[in-house]
Amino acid sequence: MAMENQVLTPHVYWAQRHRELYLRVELSDVQNPAISTTENVLHFKAQGHGAKGDNVYEFHLEFLDLVKPEPVYKLTQRQVNITVQKKVSQWWERLTKQEKRPLFLAPDFDRWLDESDAEMELRAKEEERLNKLRLESEGSPETLTNLRKGYLFMYNLVQFLGFSWIFVNLTVRFCILGKESFYDTFHTVADMMYFCQMLAVVETINAAIGVTTSPVLPSLIQLLGRNFILFIIFGTMEEMQNKAVVFFVFYLWSAIEIFRYSFYMLTCIDMDWEVLTWLRYTLWIPLYPLGCLAEAVSVVQSIPIFNETGRFSFTLPYPVKIKVRFSFFLQIYLIMIFLGLYINFRHLYKQRRRRYGQKKKKIH
């Protein structure tokens, strides 16, 4: 009898955009769902298989602000996906009106990953419109938006030219010298690569201070990962600078960036070249894993050199007195490379699917 009177609640995961709320209800084989909204409250009740077996599950969520009626939902074999439109397009500091989060509610980290480039463009356009209205009301003849666009255009142009120089240089030398060009790649283009990677710090700063709408974390991870390879693995070890792997690392990095920076450059002047957009969202599929593989090979090749030279190794103080080799940290870094590959590959795939996936169908 106690089980019959008990209200069972499923696990619910949530995320948001400026205009929408996303809820993922962990119920499989759902039947007879009753999903509705009244002002700022979502009502859910359905028969399905959850944590307590096959039962009727229900919950009510009082949102932080008003939402539109008639939520859109989609049933899959494993879950229920619900999309709720906000009444006013804005970012909420939390989902529910009450500050304490319900026990059955948790963030949907897959959805909370960085917004796609298309969503960033929409946010940038909205911010541009608001800035323009504000500046016009103040009677200012100039707009901060134009200055921001000009600054970002020049930044992306400089990076595009730098990586293009590296890419063309390596391509021409390979066509002329063949495999012989592999072994002096570092001494030929390292200065330009140093310049481009140091300038990439600005990209992370731009995201951190709000000049761009890009998320900070992905930019920071790529910056630290590449600079570790460039400055530590290649820069401090002369024995690594004449290895063929340097060519492949630099070539793959530059191949990725010439399309990325050219895409961002055209976005700054409100141009949309469909061919370039397709390349920007597609070429990463082979290039990104190959780039990570080349980085991993460079780390593996450097391990015996660091062991032999003892560089960056240290001995723990008394009473432990254990020598810690730098190669130990390199082995950990190898695991991090492939973990990062998995996370970023999944995220980039979702970006591409959101850009080129099938149009959403409203399912009642």
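Quick reminder: no glycine exception, Cβ is built from N, Cα and C everywhere.
What Swiss-Prot records for Y288 (among others) is active site. Within the same chain, residues at least 6 positions away in sequence whose Cβ sits under 8 Å from that of Y288 (active site) are I256, L341, N344, F345, L348.
E295 (active site) counts 25 other C-beta atoms within 10 Å of its own C-beta, drawing on all protein chains shown. Feature annotation from Swiss-Prot assigns active site to E295 (among others).
Looking at the coiled coil (113-138) alone, the prediction's average pLDDT is 58. Look at Swiss-Prot and you will find 113-138 tagged as coiled coil, backed by sequence analysis.
Sequence annotations record features per position, and here Swiss-Prot assigns domain 'CS' to 7-96.
The feature phosphothreonine is assigned by Swiss-Prot to T9, with similarity to another entry given as support. For the recorded site, T9 (phosphothreonine), the DSSP three-state label reads coil.
Marked as phosphoserine by Swiss-Prot: S116 (among others).
Per Swiss-Prot, the feature phosphoserine maps to S137 (among others).
Annotation source Swiss-Prot lists topological domain 'Cytoplasmic' at 1-151 (among others).
Note on the topological domain 'Lumenal' (173-191): residues 165-166, 234-235, 241-244, 246-247, 250 of its chain, located 6 or more positions outside it, place their CB under 8 angstroms from a CB of the stretch. Under the heading topological domain 'Lumenal', Swiss-Prot lists 173-191 (among others), citing sequence analysis as support.
When DSSP labels each residue, the topological domain 'Lumenal' (236-244) comes out as 3 helix, 0 strand, 6 coil, counted as helix, strand and coil in that order. The topological domain 'Lumenal' annotation in Swiss-Prot covers 236-244 (among others) and rests on sequence analysis.
Assigned with DSSP, the residues of the topological domain 'Cytoplasmic' (266-282) fall into helix, strand and coil as follows: 12 helix, 0 strand, 5 coil. Feature annotation from Swiss-Prot assigns topological domain 'Cytoplasmic' to 266-282 (among others); the stated evidence is sequence analysis.
Counting only same-chain residues 6+ beyond the ends of the topological domain 'Lumenal' (304-324), those with a CB under 8 A from a CB of the stretch are 236-237, 239-240, 330. For 304-324 (among others), the entry in Swiss-Prot reads topological domain 'Lumenal', with the evidence type sequence analysis.
Summarising the annotation, Swiss-Prot assigns topological domain 'Cytoplasmic' to 346-364 (among others) and lists sequence analysis as the type of evidence.
Sequence annotations record features per position, and here Swiss-Prot assigns transmembrane segment to 152-172 (among others).
Annotated transmembrane segment per Swiss-Prot: 192-212 (among others), in sequence order.
For the transmembrane segment (215-235), the list of distant contacts is 114-115, 186, 190, 193-194, 197, 200-201, 203-204, 207-208, 241, 246, 249, 253, 295, 298-299, 302, 333, 337, 340, 344, 347: same-chain residues at least six beyond its ends, Cβ to Cβ under 8 Å. Per Swiss-Prot, the feature transmembrane segment maps to 215-235 (among others).
Each residue in the topological domain 'Lumenal' (173-191) gets a DSSP state, and the totals come to 19 helix, 0 strand, 0 coil.
Cβ neighbours within 10 Å of T9 (phosphothreonine), excluding its own Cβ and spanning all shown chains: 19. Same-chain residues lying 6+ beyond the ends of the topological domain 'Cytoplasmic' (266-282) with a Cβ under 8 Å from its Cβ atoms: 117, 121, 149, 152-153, 156, 259-260, 351-352, 355-356.
Across the candidate stretches 152-172, 192-212, 245-265, 283-303, the maximum count of CB pairs under 8 A to the transmembrane segment (325-345) is reached by 283-303.
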